[in-house]
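According to TrEMBL, the features are:
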type: DOMAIN; residues: 69-104; note: domain 'EF-hand'
type: DOMAIN; residues: 158-193; note: domain 'EF-hand'
type: DOMAIN; residues: 195-230; note: domain 'EF-hand'
type: DOMAIN; residues: 250-272; note: domain 'EF-hand'
Amino acid sequence: MMFVSAMSICLLINYAVSAIPKPEEKRVLDHDPLSHAQHYQNDEHNKQYDHEAFLGEDAKTFDQLEADESRRRLGLIVDKIDGDNDGFVNLSELKAWIQYTQRRYIDDDVNRQWKTHNPNNTEKVHWDTYRKNVYGFLDELASHETDHPSDEHFSYRAMMKRDRRRWSIADRDGDDELTREEFTDFLHPEESRHMRDVVVTETIEDIDKDSDGKVSVEEYIGDMYRQGEPDEEEPDWVKHERETFTNFRDKNKDGFMDNQEVKDWITPADFDHAEAEARHLIYEADSDADEKLTKDEIIEKYDLFVGSQATDFGEALTRHDEF
């Protein structure tokens, strides 16, 4: 058997860890397709949510712009949102823009990963190819495992098992290969109706610490709040979340959220995230209460729309093809 030094194994692990998400970071769905941030955090309005919803995912470069230049470019983007060129941004125009930025992020992500796993741009990608690219390092480690592999090693194997299940569900024709459309469903299951059940399953697995297949109020709270000292009083927002769990989440009043109740929580029927966010932004920036926004109103609320921590839309501010 080929000898591999401890240093080689360490380098292999470091490479692998840098190539894929850390186990604790690989959450399926942040319960909202528009942003990874919570809209209200500790009972406080979190503008980061609005930035990501309005801007999309890749705006780290936005921090490189001076404030005056950022405002100037924001003004240019407002012109793009104003589809009928009447000088106002109405609800439908703002909603369409938010949907566009979200779709662009997904398309960019799929394009990037499709090229990585399918450099020859064939019609389909096989599971074996994806597995080797993402988790192949586990095969090398397996041949040098001790009797007590690390917790991180177990975590990556659990991630691979989860990806395998999600891959099989995305694979509509069952040939173990994914078309580009199926690959999109695999990467972004929250965007596909037929993938919703696996989203629910993975969410329960993330939160259900005692593995009883349901979510207790303590597990629900524990997913968003970590208590400090044992005798530390819970903040008011946590108490409010407990009431929300009891009064709204736990519909059959058995003290837990089952599969259907979790589904209702993270993928509520008849709730349009883009429209809700567009309404929120108009409400916050509409100084004359006419239910539409002028460019001046948007620029005045610059920190709400873009701020200094914006994401994908911030990239739009630096894209030469859009200006």
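Positions of Cβ are set from backbone N, Cα and C atoms, glycine also.
TrEMBL labels come from automatic prediction, so no person has curated them.
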Cβ contacts the domain 'EF-hand' (195-230)/the domain 'EF-hand' (250-272), at least three under 8 Å, sequence gap 6 or more: yes
Model confidence over the domain 'EF-hand' (195-230), averaged pLDDT: 93
The domain 'EF-hand' (195-230) - residue tally per DSSP class, helix then strand then coil: 19 helix, 2 strand, 15 coil
Composition by DSSP (helix, strand, coil) of residues within the domain 'EF-hand' (69-104): 27 helix, 1 strand, 8 coil
